[in-house]
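Trainee: Look at Swiss-Prot and you will find His19 tagged as active site, proton acceptor, backed by sequence analysis. Annotated tRNA binding site per Swiss-Prot: Tyr14, Phe64, Asn66, Asn112, in sequence order, evidence recorded as sequence analysis. The annotation site 'Discriminates between blocked and unblocked aminoacyl-tRNA' is assigned in Swiss-Prot to Asn9 on the grounds of sequence analysis. Feature annotation from Swiss-Prot assigns site 'Stabilizes the basic form of H active site to accept a proton' to Asp91.
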Amino acid sequence: MKLIAGLGNPGKKYERTRHNVGFMVVDELSFRHQTPWKKSKFNGMTSEIIVGGEKMILVKPLTFMNASGECIRPLMDYYNIPIEDVVIVYDDLDLPVGKIRLRQKGSAGGHNGMKSIIQHVKTQEFNRIRVGVSRPLKGEVIHYVLGDFPKAEQPDIIAAIQKSADAIEDYAQTPFIEVMNKYNQK
């Protein structure tokens, strides 16, 4: 069993924002597998998919981005999922829109959702998929990440969401390092 957490903020006003690209990836997986979302007792929404016989628990924390670890850690404990079977999907300002990067470990890189998860799981050594949203040319980052993708960027972000979902489906049957090597070359 694997836990796939997409990071974002709950609520209609954040639904299509750059910061919610993690939610968009797990929503894509839920859509592909036609599985419903259910409210979890751990302050998140969960959906279960089966890929190649492997059960994957999808989660969207409802804690708001900066407290994502408050949802992830209890779910790991409840389902007895070890850290090596967890994947966190989140937005990355340092990658261009449409690019994805898979990593097995690393720092939070200034991302508050990742800081919260690292604090709660007490390690930086877990799988992650970073989805590029680019940096603003000027202005505050907070307004930028809480803004929607402009029309010109939508084809690139849709492709990145689909590629991220493909990588997660591959991970059901393939070690993460192999999935990482495959998708980081594209």
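Note that Cβ sites are derived from N, Cα and C of the backbone, with glycine treated the same way.
Keep in mind it's a predicted model, so treat the numbers as computed, not measured.
Context for these features, please: burial, neighbours, distances.
Mentor: The local packing around His19 (active site, proton acceptor), expressed as other Cβ atoms within 10 Å of its Cβ over all shown chains, amounts to 23.
Tyr14 (tRNA binding site) falls within a helix when secondary structure is assigned with DSSP. Counting every protein chain shown, 18 other Cβ atoms lie within 10 Å of the Cβ of Tyr14 (tRNA binding site).
In three-state terms derived from DSSP, Asn9 (site 'Discriminates between blocked and unblocked aminoacyl-tRNA') belongs to neither a helical nor a strand segment and is classed as coil.
Proximity of Asp91 (site 'Stabilizes the basic form of H active site to accept a proton') to non-local residues of its own chain (separation of 6 or more, Cβ distance below 8 Å) is seen for Leu7, Arg18, His19, Asn20, Val21, Gly22, His111, Arg130, Val131, Gly132, Val133, Val145, given in sequence order.
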Trainee: If you measure every Cα to Cα pair among Tyr14, Phe64, Asn66, Asn112, the residues listed for tRNA, what is the largest value in Å?
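Mentor: The tRNA-binding residues span at most 16 Å between Cα atoms.
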Trainee: For the recorded positions Asn9, Asn66, Asn112, which one has its C-beta crowded by the most other C-beta atoms within 10 angstroms?
Mentor: Asn9
Trainee: At the level of the C-alpha atoms, what whole-angstrom distance separates Asn66 (tRNA binding site) and Asn9 (site 'Discriminates between blocked and unblocked aminoacyl-tRNA')?
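Mentor: Distance (Cα to Cα, whole Å): 9 Å.
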